[in-house]
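Worksheet: one structure, shown below.
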Amino acid sequence: MKDELFKQSPKKQFEFDKSVASVFDDMINRSVPFYRENLELCGNLLAKILSTNASVCDLGCSSANFLIFLANLRKDFKLFGVDNSASMLEVAKSKAKAYGLDISFFEANLCEFDFFVCDVFVANYTMQFIRPPKRQELLDKIYKNLNSKGILIMSEKILYEDAFLSKNIIELYADYKEKQGYSKFEIAAKREALENVLIPYSQKENLNMLEKAGFKKIESIFKWANFETFIAFKD
C-alpha cells in the first residue's frame, strides 16, 4: 500500500501501529535514501564474511526486509528478529511465511529484551527511537552478547554539529522526499509526529557510544547526507 498517512495533520505522535505497518515498506523505501541499496550492501557483506550456521539477530526488525534478503542469500544462517510492535511483526511473519523462510520472531521492548548470544546483531534505524538515557545500556548489552569476533551493523539518521551545514542538509533531505512523491505538507506533518520520538545523534556521539560499549574496530560503510551505517567488530 502507498504511504498517505500524513496527508492530514497528525493527531498523535508517530508510532509503529497498524496504520504504519500497512504502508511501512513503501514509507521506508521513499523516506530513507538508498534504503534498498544499503540493505543489500550489508546483507551481501555478511553473506560473504560469516561462517557456516552463523546467527544473526535484527533488533527492530520491522517488516523483516533485511532478514528476508539475508535468508535468500544463505540458507544456513540462523535468523532472529525482535520488534516491540505487534503490528510490524504480524507483517514480518506473514512475509516470511509467504517466502517459506524459517525466521524466529520475538515481540519485546529492546531495553527489556532477554538477550542471547549471537554472531551478528543488526540495528538499522533502531537506536534513534530508543530514549537517549537507555542507548548506552542497550549497546553495552549488545556487545556483551556478541560472540568473539562478532559484528554489529548499526544504521542511523545523524545530526551535523555545524548549524549551517545541518540546516542545508535537512533542506536537501526534504527535497529528496518531495522527489519521492511526498508533498511539503506531508513532510512537515511527519516531522511534527516524529518530534521527540526519533532523536538522532551526531556521528561523533554514535562512535563514542560504540567505543564505550567496548568496540575498538569501527568503520562507516555507507553514508548519504544525514544517514550513515556503521559496522563494529568485537575483539
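Here, residue 1 is simply the first one shown, and the rest follow in order.
In case you wondered, yes, glycine gets a Cβ from its N, Cα and C as well.
Sequence-distant contacts (6 or more apart, same chain, Cβ under 8 Å) of GLY60 (S-adenosyl-L-methionine binding site) comprise VAL82, ASP83, ASN84, LEU110, ALA123, ASN124, TYR125, THR126, PHE129. Taken from Swiss-Prot, the feature S-adenosyl-L-methionine binding site covers TYR35, GLY60, CYS61, SER62, ASP83, ASN84, ASN124, ARG191, and the record attributes it to sequence analysis.
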Where TYR35 (S-adenosyl-L-methionine binding site) sits in the secondary structure, as DSSP reduces it to three classes: helix
Listed in sequence order, residues with CB under 8 A of TYR35 (S-adenosyl-L-methionine binding site) and six or more positions away: ILE28, ASN29
Set of same-chain residues at least 6 away whose C-beta sits under 8 angstroms from CYS61 (S-adenosyl-L-methionine binding site): LEU67, GLY81, VAL82, ASP83, MET88, LEU89, ALA92, PHE105
